[in-house]
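**Student:** Copying in the features that TrEMBL gives for the protein in this structure:
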| type | residues | note |
| --- | --- | --- |
| COMPBIAS | B:1-14 | compositional bias 'Low complexity' |
| COMPBIAS | B:126-142 | compositional bias 'Low complexity' |
| COMPBIAS | B:341-352 | compositional bias 'Acidic residues' |
| COMPBIAS | B:364-375 | compositional bias 'Basic and acidic residues' |
| DOMAIN | B:166-294 | domain 'TFIID subunit TAF5 NTD2' |
| REGION | B:1-26 | region 'Disordered' |
| REGION | B:111-147 | region 'Disordered' |
| REGION | B:341-395 | region 'Disordered' |
| REPEAT | B:423-464 | repeat 'WD' |
| REPEAT | B:496-531 | repeat 'WD' |
| REPEAT | B:538-569 | repeat 'WD' |
| REPEAT | B:580-621 | repeat 'WD' |
| REPEAT | B:622-655 | repeat 'WD' |
| REPEAT | B:664-696 | repeat 'WD' |
């Protein structure tokens, strides 16, 4: 309780130079050192006094943060005129500058162009205060609804994962609600899900973990069943809802091991059966899981990575490789892997380097089929510009020769042709923007040919296009920032009030970033597929309507794998980027859906998802 | 005795002088600077000291051109001198006789409202004359040596005690010598004597500063501040910034140390040990401080353990003296008025009957009979005049009883459901919330000076029609109450504008016709919920008013604020009826006892005080919190009090015995709200750490040790583990829990504003 703690109080005093500076600004040039000293003592004391009073106002205002108004009220207590002009700043952005041996903190006042202010549309009127009721607890049990925080915060899940022996302290969060009524999880399950991890869990056979049974409540079992069925079922609307639930619901951590196993097993089975549609559905589940901010996924990454990798590099993913668009699945899965790397790669697990190695190995191998080759390149390319620069660009010439050999040479098989064609456009798509950045502007066909061999001329024209696009993008920056602010206000304005399952915390985080990405997507993609940039942006701002549009994609029962794969990746690419919440309001970009549906489109020009 | 009486008079007139036409601006300028009561002089030093302060006061009055007051005081002073000459010391004897003392005190306190009425001086942050009058209360009447209002020029008189100084370079040696002695003493004494460290440290430091040994003071502070208990950190921070004599003048915390004696409770053995040591060492410096600035409350018996001490210390001025908690408190509930509960089919009839101004009926109903017999601990029914029940009140009581029959019996196995009202988009800051007893209305006070009232039932809020329209209404018709309402104004939310600063307190009247709000602008406002307009602005506190609450019977209300006093008001008086002065820092929260005879206040000086509404006396001082107190609640049976502070702990008190009976640990931040369930089985606490916690109140109060020894000495042994009392913890989503309320059926309503990170 009152354990003897050594406290450390230091008596900070303003430097006397500050007094000099102030005096100078008042027009008093010469001020004695002694006077400065006296002044600093006095001023420091008064400042502290006011700060202590201001704290009082903060406490009474039920806040954790001291605001400028607290200072004002404290000044008022002392019968001092408050400082005007410091209102409504979330924080006071003091800038630091040093030079000439002097260090200075100052308050930066930016010059604002009036015409800018006049021309920007007015911000939305802030919403008025309103009251919203929800159940914090029902007979001692906290319902897992979006208004309540996730049952087990991420930190706790992590603690359980890493240190199972000392998780769940008595009397802590877990204990309270569970004690009252044995609803759902038994008290044991805090540690229980530890058990679920299959034997492949790397490491420590020596360490004994407490053995306990992992049970799901009846409700959870029903939920799991519904969700998994919807995810792989035929109804696209249901699927969208299910995926949204996975991506946003806060209480899924107990079911996470099941989902993980479901996905990895599903991929294993369906790769063998070449069931492209199902593989796509499973990948979308992975994406949704990754998007859920309340899940601590690290423990299951080892199960998910092989599944996702399989979908990238597998030799065959569909029944009719010449017609089906398995390329989109590879692209999508490649993006997933990139996302996994970004989130989970650390210096200890080396996920990224291991993955990179795998890709390079299969790419370098001469006998690798075109499909796998495509996957490897896509996987590498998604890992970012640096990877492209170091691993892909040096091999462009070699790869170009190989492609030419297939395209120009005697017709061996149609499948190879298509494959080579896809690899070529993939390389062009990814390398062009990188080259545009690396090389100085004058793009010379010959120089490119000299450097990159047969791919040179094509690359050159792509780079030129990329440059044009970058310029275009720069123009649209204004617009993008605008939309972002709109989205921000929208998402924060109704925290917890979301009629859908949006929740205060989850809304703000994912919906902001994705929109940014999305906008850039729209602007960088050639206008052939998506409508114009701003148009598509507008569409995604209408956040809340969930599934409708997607339903069009695959109304038929199943195999017609054409619609799902084609409609999948692009809405996937975008919608999942958008935090899974915003399914395209109406008609998800129809462009990709239609050309593929007939299946006859030549793959070369088609490759309808150039989404970066 | 006579001496005391006259002192009371003198103080009142001294306080009253400020009321003479003097621009209030000037007063408020003076007041914060140094208006402070002179310390209660030690009984034996009484007479000469009195004269000195009196002279100082007279001098001040002359300077300020307050002739009348000066005259009055002079007259009183002469009386005083005679009285002193006449009766001298016997007047201070502790056993002055309860009767006499209470007579005197009633005079002291009765005079309090007088000077406060014309006001301003009473609003000085350090409290007016009444401060020590009621602070020490009936508990220690003998100690009230003199009372006076001091002013800035004479602050030196207040500080004069610091004049005698030893060699400044020796202070460190003195202190470390004592430290060495205490650390080497026997274990059983060490804990008790360790209590000396902090007050000695403070006073030695202040002495050094006062005598302008800046460097010595600095090094003294540097060297020893680390030894002090962590809960004094806030005060130490204030002290550390105090490095100059000039600073001492305006510093309130410093004045608190000077003007109130730090109270220590030490067993006789330990005290003897200390005394012997100090005499042996000839350590006069420390001995002087002990004599002058500390009040050592010596008890016979075993020294207390470290734990026992830790539980009780922590307040700004040490523990409460034992006598302070000895007076009788009528903590029982008042007899409920007998209202016959009409059977359901008689509903109409019952209403009609009550439509006439008729007295209560002798008939009884089984539901209401529970509270019919008089509680032995209850105050006399008419101890405080209470407003008569109106017909609508009776109806409400009937409703209440009906609801009671549907109430959920709570317990560890049957936890209440919690419904959380989140204030969304409250970017301006939600500062206060209240819910009506029948849970139909919610009021929110905001930092943008507005008060907003929501109806949470389908019944919309409507205001009464304009006067012109009202005159058209047939007053005889049955539904006249319905007709006077203006349908056009129906809405779920009404906004009340009027304050000019954040609204820190809000309270509905029990009949739901009024709403009180208190604000930073120094006023308490009474709003009508019929017209949604402001009816009265009660001015008195001049400084931010932190809290206000209606009496459970209506009519009275209490407010407390930055000026360190709590005031009792009646809605129809624009001046306070009582001023409860005694706290050494802001009064953060105020609550009425369920029987309306007492008011509890929680303060930033880390004490909780219980005041008698009848005579304004302080009847209980509870110490033990380690941070400013921000929430209070009485148990429904009136026996217990629960308090929550910034340190995140909730303490439980037995009012009758004046003892701490429990400590609930779990919260990690300020406890903003506390509430007992309707039957008192569950205590709910809400905090800034975004949790609501439920505690088993039955178990907490069950195994009370109330044997004679404990009661006599006040030494308590708290159960080690409060975790087993914790029934549930419910996290909210970054929403501090500002208010809690149990509906009549025992559903918990919690409220707070969502604050996005």
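The backbone N, Cα and C atoms fix where each Cβ goes, and this holds for glycine too.
Bear in mind that TrEMBL entries carry predicted annotations, made automatically and left uncurated.
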**Student:** For the repeat 'WD' (B:538-569), give the DSSP counts of helix residues, strand residues and coil residues.
**Tutor:** 0 helix, 19 strand, 13 coil
**Student:** In terms of Cβ proximity under 8 Å, which residues at least six beyond the ends of the repeat 'WD' (B:538-569) contact it?
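**Tutor:** For the repeat 'WD' (B:538-569), the sequence-distant neighbours (Cβ-Cβ under 8 Å, at least 6 residues beyond its ends) are 28, 116, 119-120, 122-128, 130, 384, 386-387, 393, 501, 504-511, 514, 516-526, 575-581, 583-592, 594-596, 599, 601, 603, 611, 613, 616.
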**Student:** Mind pulling out the one from B:423-464, B:496-531, B:664-696 with the most Cβ pairs under 8 angstroms to the repeat 'WD' (B:622-655)?
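**Tutor:** Answer, by Cβ pair count: B:664-696.
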**Student:** Write out how many residues of the domain 'TFIID subunit TAF5 NTD2' (B:166-294) are helix, how many strand and how many coil, based on DSSP.
**Tutor:** 103 helix, 7 strand, 19 coil
**Student:** Which residue counts does DSSP yield for the repeat 'WD' (B:423-464) in the helix, strand and coil classes, in that order?
**Tutor:** 0 helix, 21 strand, 21 coil
**Student:** Would you list the DSSP helix, strand and coil counts for the residues of the repeat 'WD' (B:496-531)?
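**Tutor:** Helix, strand, coil within the repeat 'WD' (B:496-531): 0 helix, 19 strand, 17 coil.
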**Student:** On the DSSP side of things, how many residues of the repeat 'WD' (B:622-655) fall into helix, strand and coil, could you say?
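**Tutor:** DSSP composition of the repeat 'WD' (B:622-655): 0 helix, 19 strand, 15 coil.
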**Student:** What is the three-state DSSP composition of the repeat 'WD' (B:580-621), stated as helix, strand and coil residue counts?
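**Tutor:** Per-class counts: 0 helix, 24 strand, 18 coil.
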**Student:** Find the average pLDDT over the repeat 'WD' (B:580-621) in the predicted model and report it.
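**Tutor:** 93, rounded to a whole number.
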**Student:** As a quick check of your reading of DSSP, tell me how many residues in the repeat 'WD' (B:664-696) are helical, how many are strand and how many are coil.
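**Tutor:** Going by DSSP assignments, the repeat 'WD' (B:664-696) contains 0 helix, 19 strand, 14 coil.
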